[in-house]
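Peer 1: Below is a structure I'd like to ask you about.
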């Protein structure tokens with residue numbers, strides 16, 4: 001039988017891997033052809049560097065999360081895992097921030113810069129991007145909870161000795 005703390009950690013890691021994998025799949029499959037004033041164009045995630053960064057960052061975090069699932073519980077390398085959890089949480093924060101900024105401009109445009117919103121013409125694409133961002137945010141929140149749980153688990157024995 002697993003200890004409750006280990007079970008919680010495993011459950012959070014499974015949720016995080018699922019959410020990052022979903023974010024990658026949803027964003028990587030987002031594309032739609034649209035027409036604007038008789039001009040045809042195709043909206044793809046690869047057209048936007050921030051969306052490419054989002055996919056790459058989430059893919060890296062997915063692989064990391066999957067590998068950590070098989071890490072033995074009693075290993076002394078858990079300190080390294082704790083540090084890497086922090087690094088990958090920051091990677092998720094930066095990629096989601098960049099993608100959210102671009103998505104906001106795509107949805108609302110920017111009147112001062114003369115950028116028109118595109119979501120009215122490519123709604124399926126925008127909905128997929130929104131879904132990927134929601135999955136990414138779920139992964140981020142899960143990683144933050146996991147990080148706090150790991151820090152507490154790591155520091156608790158030290159605090160009890162003091």
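A Cβ is built for glycine as well, from the same backbone N, Cα and C atoms used for every other residue.
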Peer 1: Looking only at what Swiss-Prot records, is residue 155 on the same membrane side as residue 72?
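Peer 2: Checking Swiss-Prot: the two residues are co-localised relative to the membrane.
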Peer 1: Taking a Cβ cut-off under 8 Å, which residues six or more beyond the ends of the topological domain 'Extracellular' (101-130) line up next to it in the same chain?
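Peer 2: For the topological domain 'Extracellular' (101-130), the far contacts come to 26-27, 29-36, 43-45, 48, 50-51.
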Peer 1: Which whole-number mean pLDDT does the model give the topological domain 'Extracellular' (101-130)?
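Peer 2: Averaging the confidence scores along the topological domain 'Extracellular' (101-130) gives 90.
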